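A.B. asks: Okay, here's the structure, questions in a sec.
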């Protein structure tokens, strides 16, 4: 499979060099015009700069997808685990709003009842579950991005790139949630049911004994409701925000930015995307939290009981969490790509063939 995907990726419109030499009819004029000292200007050797960028693998190769998956493991596993205390308080606000009246009150009550160690409840299923989710989310996103773009062709890929980002991310998240569901169910039980279990080792056998495999996968449909819109927004908003930042905000082209400068743009775009992600996915997140706490309940019953106001409980805490989380995930993921010297194509540009059709070239 990877060999066929790699073959397609070589002709992929996303697989463009970081530095391109585009003949605009002014190159000869610029190269021969005198400089400040009266000497002829030497043409900038951008091709030589591009050659110096040595990649560890080809774009769309099996190694590329595997290392992207590794980047997903590192970015999702570490960030979600680091934010376990905030996630714990957010979940408790959703399932027991009478007791946990707000984010600060939630922390105060939790510290009073469980101590500092209580804030780390559920760290093991969080780390395992979101590491597996990150592997599938980022790894499969790159796979589907290549496959769908080659199905569309170069011109349609550019014209419909937002739809492509949405489709590729939704496809990837479908599989990622199947990997996440068992650990998410265990995490919510540990965090929201006092006395049920303190560790994953205690919770998993108890859940299986009570409800069988259903205990681990009954929340997968609400997870899809929460995570697929979230991930679609996360990837599409990030990709288009990066494109807009380089076009309207960053004062120089991406090819002239240093790696640290590029990573700053990545972080900013990630945070902007994260705010929208939190808003889009929060109602389903509330349903998942309550559903995994209660035995024998269903998503429709929970949604009916919570009502419109109830599903938005804990939104402020989630905006802080998801905004920070998404920014850090994109920053770490892009840093992993830099570390392993993976191809990182710049924001897409209109193909020359499309420019000619639209009469944008002379």
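Please read every residue number as a count from 1 along the shown chain.
Quick reminder: no glycine exception, Cβ is built from N, Cα and C everywhere.
These figures come from a predicted structure and were not determined experimentally.
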A.B. asks: With respect to Swiss-Prot, which of the residues 100, 196 bears the note phosphotyrosine?
C.D. replies: 196
A.B. asks: Please state if residue 155 and residue 352 fall on one side of the membrane according to Swiss-Prot.
C.D. replies: yes
A.B. asks: Which of the listed positions, 112, 309, 355, does Swiss-Prot note as N6-methyllysine?
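C.D. replies: Of 112, 309, 355, Swiss-Prot lists 112 as: N6-methyllysine.
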A.B. asks: Please report the distance from the Cα of residue 99 (N6-acetyllysine) to the Cα of residue 112 (N6-methyllysine), rounded to the nearest angstrom.
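C.D. replies: With distance taken Cα to Cα, residue 112 (N6-methyllysine) is 13 Å from residue 99 (N6-acetyllysine).
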A.B. asks: Counting only residues 6+ away from its ends, which parts of the chain sit with a Cβ under 8 Å from the transmembrane segment (162-183)?
C.D. replies: 125-126, 128-130, 132-141, 143-145, 148-149, 152, 200, 216-217, 219-220, 223-224, 227-228, 230-232, 234-236, 239-240
A.B. asks: Provide the three-state DSSP residue tally for the topological domain 'Mitochondrial intermembrane' (142-161): helix first, then strand, then coil.
C.D. replies: 18 helix, 0 strand, 2 coil
A.B. asks: Rounded to the nearest Å, what's the C-alpha distance separating residue 112 (N6-methyllysine) and residue 196 (phosphotyrosine)? Just drop the number here, would you?
C.D. replies: 19
A.B. asks: Quick check on the modified residues 99, 112, 209: which one has the highest count of other Cβ atoms within 10 Å of its Cβ?
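C.D. replies: Sorting the candidates by Cβ neighbours within 10 Å, the top entry is 99.
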A.B. asks: Compile a sequence-ordered list of residues in the same chain as residue 196 (phosphotyrosine), six or more apart from it, whose Cβ lies below 8 A from its Cβ; state 'none' when nothing qualifies.
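C.D. replies: Within the chain, residue 196 (phosphotyrosine) has Cβ neighbours under 8 Å at 189, 190, 203, 206.
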